[in-house]
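In what follows, a structure is listed as structure tokens, so that the remarks can point back to it.
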Amino acid sequence: MAYAVLEGNHISPFSVLLGTISRELSREHIRRIKIVLRGHVNKDNLGKLRGGSDLVHFLQDRGLVTEKKLSFFRKLLRDCELFSLVELVDEYKQTMQVMNGETKNKKQGGNTAMITRRISDLERMSKRQRDELSNLANRGNVLKKVLEEKETLLEKQKETMIIGQEAIDIITNRKEQAEQERDTTEEKEQEQEAMCDAQEKELKEIQGLLGIKDKNYKGNNGKPVEKRKTVLESVFSKQSNERATEELHRREDEKRETLHKLMKAMNEVREKLVRERSLVRECKEAVLRKTNELVSVDQLILETKESVRTLKQEIRKNELDLFDLQQQLLETEDELQRTRSFGIVNRAAFKISLWRVDTDQSSKSKGQVLNYKEILPENSYSLGSLGMSSIPLQFDFPCCVASHKGLIFAADRNNRRILVINSLGELSREPIDFGSSGPVAIAVNKRGNLIATDSMIIKVFSSDGALSHNFLPVYNKRDSRPEISALTVDCEGIIFAVDRSNHRIQKFRMDGHFVGLIGGSMYLQYPSGVAVTKNGDVIVSERHQLKIFHKQQESLTILGRSGVGKDQFMNPSGLWIDRKDNILVADNLNHRIQVINSQGEFVNSLGRLGSGPGCLDSPLAVTVNSRGHVMVADSGNHRITFFT
């Protein structure tokens with residue numbers, strides 16, 4: 001039995017496919033799918049996926065599953081070993097090919113040269129994507145190895161911190177013990193000093209007594225005092241004085257001996273005190289030194305933790321880039337297989353509904369900027385197809401596009417004309433004939449004046465399409481003949497013309513008066529696109545990168561490098577800056593529009609190589625209308641493609 005996921009009020013084969021798959025998904029299947037999606041979808045969203053219907057609607061809302069984009073869904077089912085459901089997807093694709101009449105006979109009737117070129121481009125794109133996948137995988141391995149080294153270093157630093165803290169604890173204990181011994185010795189020193197003072201005092205008293213007796217015996221003039229005494233008194237007095245003096249001398253000698261011992265002991269105590277104080281000081285210095293070392297180690301730990309955090313973020317970003325590129329490779333290989341089997345399809349022109357194009361009728365929509373991350377391929381549409389100049393809405397290599405007040409200006413190079421298209425997708429006026437050589441670049445100023453060039457002559461047209469005047473780019477004898485590849489106009493009405501052959505940007509007033517130059521061979525190499533910010537910074541595309549010439553700082557910033565990944569370019573050409581200073585880049589050989597914010601960070605990528613909805617082939621120029629719709633000169637598909 002087949003089930004359907006309703007799309008609006010009708011049931012389609014695609015809705016039947018999704019309904020059948022959602023019905024067949026058991027709880028165990030959902031659990032396995034959640035495991036595969038882990039790391040690509042946050043836990044909160046995964047937790048909301050209770051059944052097959054939730055999963056299918058979630059993948060549809062994310063734009064991962066559409067009628068034209070089943071590669072991711074098929075791979076997801078295959079990775080979860082749900083092979084019966086994989087067969088359902090394959091049967092649906094084969095059935096739809098038959099229903100749409102995509103047979104090999106169609107290839108025979110197609111344009112062989114265009115098919116050959118498309119196949120060649122797809123093969124090159126596939127090779128670049130595989131090479132970039134290899135680079136991302138290698139980068140991921142290098143990052144993981146560096147992360148492992150950093151985590152090992154972090155563990156060693158933590159061990160060093162622990163050992164250092166233990167050493168500080170040991171030294172602190174030793175210091176506290178030394179301080180206790182020092183305090184005890186200081187008390188002992190004070191006791192010894194008090195005892196010495198007491199002995200010195202007693203010694204001085206004895207010496208004082210000896211001095212008095214000696215003075216009494218000799219008198220004031222030093223001679224013995226003679227008194228009138230009896231013979232007996234004289235004998236007894238003399239003997240008594242001699243005994244007292246001897247006793248005092250003996251006591252003096254004892255005191256001197258005791259004082260000497262005390263002084264010796266006190267000196268020993270003081271020497272010990274000096275050693276103990278020195279030990280305390282050394283312990284304090286050691287604690288301070290170890291603490292400083294730990295502070296340094298702690299700073300290193302913080303730096304290593306930050307490195308680990310940054311590395312984990314880079315690894316996560318690399319894994320997401322790897323996943324995205326794998327999906328792009330699957331889509332490229334699917335497109336390659338379809339092109340080999342059925343040629344180039346979906347090339348018919350169609351008119352655009354009024355509500356989809358910039359009408360400038362609503363003030364609310366004026367100056368709108370889309371959320372580029374939410375743009376889905378199925379919401380894109382296109383205008384025109386390959387054809388001759390005799391047919392109004394057919395192009396032969398559209399190379400540039402501009403917008404002003406509801407009008408779309410498209411440079412139809414090989415048909416040598418500029419088309420002016422209104423909000424209904426119809427010609428607003430007769431095409432502007434460019435004579436023998438076709439237009440290569442156009443721009444429109446605030447007044448609606450059209451500036452165009454065939455690479456040699458710059459032409460200015462009035463708002464009604466009449467030619468106002470011509471002027472030539474400047475050069476001297478040392479220069480090559482100027483080859484203008486892109487034009488833009490800043491908010492002050494200055495024309496910026498990319499002089500590709502002389503590696504510079506030429507600036508003119510609207511009347512053709514030369515204003516100045518930017519760049520030169522020291523700064524630019526074959527520039528191909530230009531845009532100017534509100535602040536006057538000039539952004540130039542060249543080779544495989546962007547260069548920003550800052551007006552205020554008079555400095556230069558370089559963005560991007562060669563490659564097929566995010567923030568990488570292959571021959572970037574046309575540029576546009578929206579009202580939020582996002583930079584839109586026509587990434588020519590990567591067949592996409594890259595969106596970068598004002599800080600140079602990747603926002604999103606629009607389009608891939610192909611001819612179906614949301615696909616591009618060698619885009620050369622990009623602009624944004626007042627409703628925020630992105631318009632692309634899809635040169636290889638010979639149409640103007642819109643992303644909404």
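Glycine too: its Cβ is placed from the backbone N, Cα and C atoms.
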- Note on the structure: Checking 112-139, 308-335, 588-615 against TrEMBL, the stretch recorded as coiled coil is 308-335
- With the cut-off at Cβ under 8 Å and a gap of six or more residues from its ends, the chain residues touching the repeat 'NHL' (512-552) are 458, 460, 469-471, 474, 485-488, 490-491, 494, 496, 498-506, 558-563, 568-577, 581, 583, 585-586, 596, 621
- Message: Quick test of the contact rule: Cβ under 8 Å, at least six residues beyond the ends. What residues does that give for the coiled coil (308-335)?
- Response: 39-40, 69, 71-72, 75, 122, 125-126, 129-130, 132-133, 136-137, 139-140, 143-144, 146-147, 150-151, 154, 564-566, 608-610, 612, 615
- Tertiary contacts of the compositional bias 'Basic and acidic residues' (175-187) (same chain, 6+ residues out, Cβ under 8 Å): 269, 272-273, 276-277, 279-280, 283-284, 287
- Task: Could you give the residue numbers and ranges of same-chain residues that sit at least 6 residues beyond the repeat 'NHL' (603-644) on either side and whose C-beta is under 8 angstroms from one of its C-beta atoms?
- Result: 68, 117-118, 121-122, 125, 328, 331-332, 335, 344-347, 349, 352, 356-358, 360, 365-370, 372-373, 375-387, 394-403, 405, 408, 410-411, 441, 486, 529, 566, 573-576, 578, 582, 584-589, 591-597
